[in-house]
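Annotated domain 'ANTAR' per TrEMBL: 1-56, in sequence order.
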Amino acid sequence: MYSVSHPDPLVRRNIDIAIGIIVGRRRCSEDQAFREIASVAHKTGCPLGETADALIAFARVDQPHARCADRTWADLF
């Protein structure tokens, strides 16, 4: 089971939300989703919380043109 300790409860909450987004989209376990987010954070040099925030922002865009962009470029994010 993934475990993240962070002093800011909002950051922790957003990490959990980001994990839920990955679980919902990929149909994977929470552990796999956390590892994916942590891997992206490591590869990009962004803090884990900022990586989670970016995923949440990306997932919130729910407009037809955004879905088109998602299908086309989602692997870049």
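Any Cβ shown, glycine's included, is placed from N, Cα and C.
Taken as a whole, the domain 'ANTAR' (1-56) shows an average pLDDT of 91 in this prediction. Secondary structure of the domain 'ANTAR' (1-56), assigned with DSSP and counted as helix (H, G, I), strand (E, B) and coil, comes to 42 helix, 0 strand, 14 coil.
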